[in-house]
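A.B. asks: Would you mind keeping the following structure in view while I ask a few things?
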Amino acid sequence: MAAVWQQVLAVDARYNAYRTPTFPQFRTQYIRRRSQLLRENAKAGHPPALRRQYLRLRGQLLGQRYGPLSEPGSARAYSNSIVRSSRTTLDRMEDFEDDPRALGARGHRRSVSRGSYQLQAQMNRAVYEDRPPGSVVPTSVAEASRAMAGDTSLSENYAFAGMYHVFDQHVDEAVPRVRFANDDRHRLACCSLDGSISLCQLVPAPPTVLHVLRGHTRGVSDFAWSLSNDILVSTSLDATMRIWASEDGRCIREIPDPDGAELLCCTFQPVNNNLTVVGNAKHNVHVMNISTGKKVKGGSSKLTGRVLALSFDAPGRLLWAGDDRGSVFSFLFDMATGKLTKAKRLVVHEGSPVTSISARSWVSREARDPSLLINACLNKLLLYRVVDNEGALQLKRSFPIEQSSHPVRSIFCPLMSFRQGACVVTGSEDMCVHFFDVERAAKAAVNKLQGHSAPVLDVSFNCDESLLASSDASGMVIVWRREQK
């Protein structure tokens, strides 16, 4: 069963940064050999139930051995070899829909593990339950993350030395999305309502635009990097999604929206990058197989409005979708079939578009509950706690920003798990980039970057937080350099 061995490899890859932290070559050899063995064993035809049991036990054992994970972007930053060893090009992608064992699984309903979030919480608490409040993490697992995070306060850590570079190739058209490549310090991409996507390289100096991806006939609303960064998926107002090769910028495939509607957002399934979820203007969410260009059977659902934002949890079992009428829906994602099952609905505020959703399974040692960061045109940034394994949400706190009409986005900072406090970053219609400490009871504002001349729509950190990119409604992309302590 191809999907299961990919999930096992993904679990191993997430923990790989913790193996022999001072000898990265050993980690590279390990994950390559692991990939080879898993591929060979996948052909042996073991029963799917046995494979799933192995996956579950493997995850539990790794969790007990190495402790709770920080987010993939921070943990894997120490091991770029993981990316190379788990490349997912179209040539090597498994045909998800044609897998006979996956097809056979459709004959019965397969639910998500009911204890997945409880297990995560137990694993997280186990490391800390006997420690006094405020004590440092007492495990060797913390060394790498503490070294990357440093011993400075949040205010000191998020002091910026100024602008590193300004990209203006999309000037006069909004840039709704900017993203650094996964586990990469210097590769950046941004999409524009002029219908193109830019792939940029920040090092060696001077920063350059490597490729401009053209093909969409209307504005590009969103895009996403694959885990291995070799593929990008983009969605457009021209009612198509496109698959691009990042190495040379060529379009590999164009896939029309099943409803013929404007496509407004997209995200990769984090465990199986053969699947991408898209949201459209006809209120629908679709799971798409990018190898076949087809919609996955059972992988569609309808919301109450235009789908503007999507986000998976780290294991890929929960999906949240936000619409322009103020609702956030959670879905259970069946790993075997790609089927979506609608679970919960939260009305953030009736009539207020939900423009951004960012999920984080483990914010910091002071905030270990799975969390969701939401922008919703309320002049507030909202932080929710995920309270059960069906994605139900409970408001934890809010932060004041200016957002009443623009599609502003926000992110969790990637290296926050072992700091005192935890930081989030958001754009704003006041033309500034805002930093907030989610654990600080009063005066949560940590920093504010000024330099844009239009509402800031999106923000993105590179893997080690040395650079931050922000994009605005006038088409400007600013790369900020963090002050070195």
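Just so it is clear, glycine is given a Cβ too, placed from its N, Cα and C backbone atoms.
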A.B. asks: Out of Arg19, Arg87, Arg114, Arg218, which residue gets the omega-N-methylarginine annotation in Swiss-Prot?
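C.D. replies: Record lookup, Swiss-Prot, feature omega-N-methylarginine, residue Arg114.
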A.B. asks: What average pLDDT is reported by the model for the repeat 'WD 1' (170-210)?
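C.D. replies: Taking every residue in the repeat 'WD 1' (170-210) and averaging pLDDT yields 96.
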A.B. asks: For the repeat 'WD 5' (451-484), how many residues does DSSP put in helix, in strand and in coil?
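C.D. replies: Per DSSP, the residues of the repeat 'WD 5' (451-484) fall into 0 helix, 18 strand, 16 coil.
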A.B. asks: Could you tell me what the rest of the chain brings near the repeat 'WD 2' (215-254), counting residues at least six beyond its ends with Cβ under 8 Å?
C.D. replies: 10, 83-84, 86-90, 173-174, 176-177, 179, 181-184, 187, 189, 191-197, 199, 260-268, 270, 273, 276, 278, 280, 288, 290, 293
